[in-house]
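**Student:** Pasting in a structure now, in structure tokens, and then I'll have a few things to ask.
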Amino acid sequence: QIVLTQSPAIMSASPGQKVTMTCSASSSVSYMHWYQQKSGTSPKRWIYDTSKLASGVPARFSGSGSATSYSLTITSMQAEDAATYYCQQWSSNPLTFGAGTKLELKR
């Protein structure tokens, strides 16, 4: 099974700051997908097929990467972006998730 390692586990960013989090796969995958989860709510699909934004996701978000190295970037952190972000692969069975990166707002 492919193990996804997310880094950092926890991070904080001030409003307007650029944010980058990474997801490393133990074997090469074709695409990476990202989910956003806020406390007490179900995860929302956020970025799919590495770089495509799900409906309603602000353009300040982007995804990139290939093979074993992927990233999610926010060009300008906003308060509503504080959440936990999970990467996911389904290139190889079983489908697997990373442990998440918790993004906190620094005031």
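Backbone N, Cα and C define each Cβ position, glycine as well.
So Swiss-Prot says this about it:
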| type | residues | note |
| --- | --- | --- |
| REGION | 1-23 | region 'Framework-1' |
| DISULFID | Cys23-Cys87 | disulfide bond |
| REGION | 24-33 | region 'Complementarity-determining-1' |
| REGION | 34-48 | region 'Framework-2' |
| REGION | 49-55 | region 'Complementarity-determining-2' |
| REGION | 56-87 | region 'Framework-3' |
| REGION | 88-96 | region 'Complementarity-determining-3' |
| REGION | 97-106 | region 'Framework-4' |
**Student:** Could you list the residues of the same chain, at least six apart in sequence, whose Cβ is under 8 A from the Cβ of Cys87 (disulfide bond)?
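**Tutor:** Sequence-distant Cβ neighbours: Leu4, Gln6, Cys23, Met32, His33, Trp34, Tyr70, Leu72, Phe97, Gly98.
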**Student:** Count the CB pairs under 8 A between the region 'Complementarity-determining-1' (24-33) and each of 49-55, 56-87, 88-96, 97-106, then give me the winner.
**Tutor:** 56-87
**Student:** Taking the region 'Framework-2' (34-48) as the reference, which of 1-23, 56-87, 97-106 gives the largest number of Cβ pairs under 8 angstroms?
**Tutor:** 56-87
**Student:** Using a Cβ-Cβ cut-off of under 8 Å, list the residues of the same chain that are 6+ residues beyond the ends of the region 'Framework-1' (1-23) and lie near it.
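**Tutor:** Result: 29, 32, 34, 65, 69-79, 81, 85-89, 91-92, 94, 96-107.
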**Student:** Please report the number of other Cβ atoms within 10 Å of the Cβ of Cys23 (disulfide bond).
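**Tutor:** Cβ-Cβ neighbours of Cys23 (disulfide bond) within 10 Å number 28.
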**Student:** Just to be sure I understand, if DSSP states are collapsed into helix, strand and coil, how many residues of the region 'Framework-2' (34-48) fall in each?
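**Tutor:** Grouping H, G, I as helix and E, B as strand yields 0 helix, 9 strand, 6 coil.
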